[in-house]
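Enquirer: According to Swiss-Prot, the protein carries these features:
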type: BINDING; residues: SER75, ASP118, ASP437; note: Ca(2+) binding site
type: MOD_RES; residues: LYS138; note: N6-acetyllysine
type: MOD_RES; residues: SER553; note: phosphoserine
type: MOD_RES; residues: THR561; note: phosphothreonine
type: MOD_RES; residues: SER563; note: phosphoserine
type: MOD_RES; residues: SER582; note: phosphoserine
type: REGION; residues: 279-346; note: region '4 X approximate repeats'
type: REGION; residues: 349-406; note: region '4 X approximate repeats'
type: REPEAT; residues: 279-291; note: repeat '1-1'
type: REPEAT; residues: 334-346; note: repeat '1-4'
type: SIGNAL; residues: 1-20; note: signal peptide
type: TRANSMEM; residues: 483-503; note: transmembrane segment
Amino acid sequence: MEGKWLLCLLLVLGTAAIQAHDGHDDDMIDIEDDLDDVIEEVEDSKSKSDTSTPPSPKVTYKAPVPTGEVYFADSFDRGSLSGWILSKAKKDDTDDEIAKYDGKWEVDEMKETKLPGDKGLVLMSRAKHHAISAKLNKPFLFDTKPLIVQYEVNFQNGIECGGAYVKLLSKTSELNLDQFHDKTPYTIMFGPDKCGEDYKLHFIFRHKNPKTGVYEEKHAKRPDADLKTYFTDKKTHLYTLILNPDNSFEILVDQSVVNSGNLLNDMTPPVNPSREIEDPEDRKPEDWDERPKIADPDAVKPDDWDEDAPSKIPDEEATKPEGWLDDEPEYIPDPDAEKPEDWDEDMDGEWEAPQIANPKCESAPGCGVWQRPMIDNPNYKGKWKPPMIDNPNYQGIWKPRKIPNPDFFEDLEPFRMTPFSAIGLELWSMTSDIFFDNFIISGDRRVVDDWANDGWGLKKAADGAAEPGVVGQMLEAAEERPWLWVVYILTVALPVFLVILFCCSGKKQSNAMEYKKTDAPQPDVKDEEGKEEEKNKGDEEEEEEKLEEKQKSDAEEDGGTGSQDEEDSKPKAEEDEILNRSPRNRKPRRE
């Protein structure tokens, strides 16, 4: 009960606040102005206090250095594009206006860097083709060492449609980096790519058919992990590809595995073709019967089957309702309508008033010619069809026969791919300021991990040092998603309200405790409490009258000792009265 009163009180206070707001708009404006002044003062004092407060410890940047043998490594901290070659090629089958690879590249720090001095390769322009590449220290040969490719990407402005993948360019005599374009042969393509709501993390390798010498792209299965955050959180992420001589592979993001598999089993299309194929010359015989069911040829239509019977018939038991207005139309011309002044009968034809519902039909069951309602025809059977039976001549679904695949081959070591001698980025992007950093290619996992700790690890530590607290993160999230304010308010206000409700609502004493304290009469049955009270009241009055008469007679007999007896009789009378009220001494109910 007290909880209900508290809820009512809150509703009343809320209503009063709304009414006060409606009646004192001018006062609220003044209050808002005062609050603005206070906020400005707080911000000024905060800025002053910030200047006096010592800054939080910062992570000092130091360029990573390879700790072992690498085929390629670049942290861009020298501040230039030296070692990288911009493409001068044009794309085939593309308009001249966009065929050129004229997208801009620069070496610069991130726009909101937490590590001063840390620079990277930045794709600067949007809606342009970009191509840049660099030679390896020496070509990578797929022999007994694993291949590990790793680099960092930060979508500083998010990403609408575009990629941030790398290509490992195949070692060929025709390789010319200043003519690097989309058709330049590559061995592996690896990295993130996104367009619309399709988030990808590519791993593609080009496999050479040992029989024909033709290369075919093999795509790894899609990762099971949700990749969206890596494209939208505007943080630097570390992408790693590991290929092992046993044909296994792993794809990691921020040093956590998001995809893994085997080159023989988890690529599409498969590396090795099937041993048998369907004979392209085989043809289905003309008498081949693929029908599992056929109409029973021995079935006969029953004599009483009427195919012409309609599905609906008029209800012969229906009668026209009383008051039906047969002579009144359901719609009539609007008597209040007037022909527009600009109506030209030569151009617009003869003017007719718009139709409105007949007002006479509103009080009647209906207007116009009455027709019997339609009901389902109990004799309707429809078109007769013979029942279906199993086809005794069913031969199954025809398939062409299998023959040995003339193009079959079996490559059990797809890891031994075409050697590559350069790394390149050939990208189209609708978003600018894509930041690349800390490329490394090696055959030693330890060297790559050390490089990651000295490069990406510092970025992660710097981001953690500058990361706002839990409250700050909640406020930032609410700024991006305003509906979170409702969640925060409910999360905070509801527990507070429950605590107040618990503290303010005292434990109510039970009725049994109350009766025990006062020795008041307690009804045996609550539903008959009213009747019992009326009956007990009459019995009490009768007992009191008898008690008074007895006291008077005792007083007359005792004379001088009457006063003392009266004093003794008072507590006794009160005790008798209490006993009479007790449910144990209550008289039986009168029927």
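Every residue gets a Cβ built from N, Cα and C, even glycine.
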Enquirer: Is the repeat '1-1' (279-291) packed against any residues at least 6 beyond its ends, judged by a Cβ distance under 8 Å, and which are they?
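Expert: Same-chain contacts beyond the ends: 391, 393-398, 400-403.
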Enquirer: Cα-Cα, whole number of Å: SER75 (Ca(2+) binding site) versus the residue listed as 'N6-acetyllysine'?
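Expert: It is 18 Å, counting Cα to Cα.
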Enquirer: Could you tell me which three-state DSSP class ASP437 (Ca(2+) binding site) falls into?
Expert: strand
Enquirer: Near the repeat '1-4' (334-346), which same-chain residues lie under 8 Å Cβ to Cβ, leaving out any that are not at least 6 residues past its ends?
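Expert: Counting only partners 6 or more residues beyond its ends, the repeat '1-4' (334-346) has Cβ contacts under 8 Å with 353-356.
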Enquirer: For ASP118 (Ca(2+) binding site), which residues of its chain lie six or more apart in sequence with Cβ-Cβ distance below 8 Å?
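Expert: Listed in sequence order: TYR61, ASP77, GLU109, MET110, ASP437, LEU458, LYS459.
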Enquirer: Helix, strand, coil residue numbers for the repeat '1-1' (279-291) per DSSP?
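Expert: Grouping H, G, I as helix and E, B as strand yields 0 helix, 0 strand, 13 coil.
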Enquirer: If I restrict to non-local contacts, at least six residues apart, and a C-beta distance under 8 angstroms, what lies near LYS138 (N6-acetyllysine) in its own chain?
Expert: TYR71, SER421
Enquirer: According to DSSP, how is the region '4 X approximate repeats' (349-406) divided among helix, strand and coil residues?
Expert: 3 helix, 13 strand, 42 coil
Enquirer: Apart from SER75, ASP118, ASP437, which residues in this chain have a Cβ no more than 8 Å from the mean position of the Cβ atoms of those residues at the Ca(2+) site?
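Expert: Other same-chain residues with Cβ inside the cutoff are ALA63, PRO64, PHE76, ASP77, LYS119, GLY120, GLU152, ASN438, GLY455.
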Enquirer: Return the average pLDDT for the repeat '1-1' (279-291) as a whole number.
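Expert: 95, rounded to a whole number.
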Enquirer: Let's see if you can do this one: DSSP helix, strand and coil counts over the repeat '1-4' (334-346), in that order.
Expert: 2 helix, 0 strand, 11 coil
Enquirer: Translate the DSSP assignment of LYS138 (N6-acetyllysine) into the three-state scheme.
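Expert: Reduced to three states, the DSSP call for LYS138 (N6-acetyllysine) is strand.
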